[in-house]
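Per TrEMBL, transmembrane segment is recorded for 66-89, 101-121, 133-151, 163-184, 191-210, 222-251, 293-318, 338-358, 379-398, 436-460, 472-494, 706-732 (among others). The domain 'Major facilitator superfamily (MFS) profile' annotation in TrEMBL covers 68-501. The region 'Disordered' annotation in TrEMBL covers 739-771.
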Amino acid sequence: MSDDDTLGPSSKQWPIHALLIDQARVDDSVRSSGYPGAGTTEDPFIVDWVVNDGGNPLNWAKSRKWAMTMSSALTCFVVAFGSSAYTGVMTELMINFKADNLMITGGVSLYVLGFALGPLLWAPLSEIYGRQYVFIGSYLAFVVFCAATTADYNVASLLVFRFFAGAFGSGPLTNAGGVISDLFYADDRSIAIGVFSLAPAMGPTFGPFIGGYLGTKAGWRWVMGLVAILAGVSWIINVIVVPETYAPVLLKRRSEKLSKETGKVYKTAIDIQNGGLAPTKVLITSLLRPCELLVVDPIVLFLAIYTAVVYGVLYMLFGAYPVVFQLERGWSPGKGGLPFLGIAVGMFAAVPSVLVINKWYVKEAAKTQSGLLEPEARLIGGIIGGITVPIGMFWFAWTTYESIHWICPVAAGIPFGFGMTLIFQSVFAYLADAYGIYSASALAANTVLRSLFGAGFPMFTKKMYENLGTQWASSVPGFLGVACIPVPVVLYIYGQKIRQKSKYASQTVGQHRHSAAMIRPSIVWLSLLTTLVAAQLKCYRIDGTEADSVYAPCNPSAKVSGCCAINKSNPDLCLGSGLCMSQDEGYQGFIYANGCTDKTGKDSSCPNPCPNNNWPSASVTAYNVLQCAPDSQYCCRKFGDSKNCCSSTVSFSIGSIITTATTTASTSSVSATTTGSATSTATAIVCAANGMSNSTSNECPQDKSAVVGGAVGGVLGAALLASLGALAFLLLRRRKDTEPSSSSIPTYQPEIARPPVYELPPGHKMPEMAG
């Protein structure tokens, strides 16, 4: 799903000042919308977005979204710029404060160390109180501490101010990425993140030469003052451009306002699931879970080490470049910062690659029902970047001789910057896809370790160059990069198996594969034909009200049929029992009953597996069907209700997937009826190691994982060819594995998937939804 440049005709385009001051965003369409529930304490109204909701950030105009994206990117650029502009005046600081190199270098390390605080504190606070308030408070403190570093007290106060500037500056670094996720649908998000990710990466590359030139002309205080001025300007811009975007907080504010206006009880689904848990407990959970993930989850640990090494090398170069270009070649501090532009060129060059990879992802995902591929598909960029990073480092290491023209070591920054950008974008997207509701903790764990490496590497850089010499010291990060090459490759091949054993990632195992393997072009074509024929019939919800145009009959040729939400870009699936299977992102596998073409709902063809005569009178518009143990036992509950209904079950066949249309079919997988209606029925098998089975024998295929080997030795050309060859082979094998068999339509047994909307607090479980 992609967003248009303008909202739908029935939407209200909220002015920016209204969005900034009114987080509830309640208008007449919101007040008049029918919410499930009775409005009582025991059965509150469940508040969700209404159709074409102008308060929903996903529905805002593209121009507005990109203005907010660029404003958020600016704040991240300033914070990252502040980390490295300091390096341009380190010599002057040593003279001014009569301190040694190690002490002054601590100003870089402590600033970056403060970044580790952000994911642990600002991220959970934003989930409780919203991104807008957290940004305003944390970034304002960042401005204050940046201004404080201009004072000439002593070196200790300078280091303390630098640490707190980094700690409070990590607020936008942590939450700005969340703003992007709030604003864009999945198919547009990769482009936005790819462009946005340049900001925190470009900041460190511009800092050294700007700080060096400004420090030489005006002194170190003006360098610190420039960071404070930029921070103040970007704070003002962000405050007046970026409103609250976090959907759970916006819906909570809306439910509170509706409750106050009407006197009835309105709540969000998360409020009900959370059960009123104290914010302090949510905060403690968010503090502990990233640490737990680093200890017990191998995917999070190795990807954190992978990105931490690259990030540490970037900050190591802040000490290495002055040695190579200032001490050995005699350049001034300002001129000595210019080689960082080579890294910046590589970062800019990576943007088209990110767009190409995203285009490939969208093209392949468009062939699936859910519009998603397995999370491992996100690692393509990481594999490519993992090859170019060590190439750049070895290139730099052995062209640092004074007899070699300066352009050679400067140009070595291009493959490094190129690979670093691809690695970060790839890893962040993978963690977000693979860990679902726990992605915030997975990303936080990654940021914590990455920040620790970024803080530690500058501290030993000077000593390492003194003891090993320029060439071998510069080769150390190259060897580290070579050691990390297998990480994304191994996860690309075996990531799904590893996720199955993960306590946190296992919740998403199979969701992407189910949707990716289930749809074929013939089924999509049949669905489109179904939509056209179904337009002749009207659908009614369980309470007798007319359903909107999204819902259509599953069997339009029948006199009476159950209805599902199939008139949309990501249509739900009809089941043989008349029930529906959701295919919306994050809700794949939810079974629900919505309505029927019979207004009374009493016809035997209407879905009614769990009869309840009170539902129509109670204005229930839909209900969930939950699987209980054993497999043939099911129960029903109101849509949005968090209660476990498995204490009262009934036995029935939930039915297999059907897609019906008035067309004839000649393939063996679709049987034509005498009336010209073709129905395709399919059932899938979930295989532990290989995802989906396309065979008709109801057996899982044998493991066909390829063994990828490549000797990475001293010859970089051989390493590059071997890695690229392995990448090409994996791409071909993935395409072959994900293509359905030509002899049958893939099949699927419904599974309940929990929506990844928030992280569960300790000791609090979501209602059981499957046996």
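Just so you know, the numbers here start at 1 and follow the chain as drawn.
Cβ coordinates are placed from backbone N, Cα and C, and glycine is handled just like the others.
Any TrEMBL annotation is an automated prediction that lacks curation.
Here the transmembrane segment (379-398) sits against the transmembrane segment (293-318); at least 3 CB pairs are under 8 Å, leaving out pairs fewer than 6 apart in sequence. Packing against the transmembrane segment (436-460) from elsewhere in the chain are residues 102, 105-106, 108-110, 112-116, 118-120, 123, 127, 170, 173-174, 177-178, 286, 289-291, 293-294, 297, 300, 303-305, 307-309, 311-316, 318-319, 427-428, 504-505, 507-508, 586, 754-760: each is 6 or more residues past its ends and has a CB under 8 Å from a CB in it. Just going by CB pairs under 8 A, the stretch in 66-89, 133-151, 191-210, 222-251, 293-318 that sits most against the transmembrane segment (163-184) is 133-151.
Looking at which of 66-89, 133-151, 222-251, 293-318, 338-358 has the most CB pairs under 8 Å to the transmembrane segment (191-210), the answer is the stretch 66-89. The stretch from 133-151, 222-251, 293-318, 338-358 that makes the most Cβ contacts under 8 Å with the transmembrane segment (66-89) is 222-251. This prediction places the mean pLDDT of the domain 'Major facilitator superfamily (MFS) profile' (68-501) at 87.
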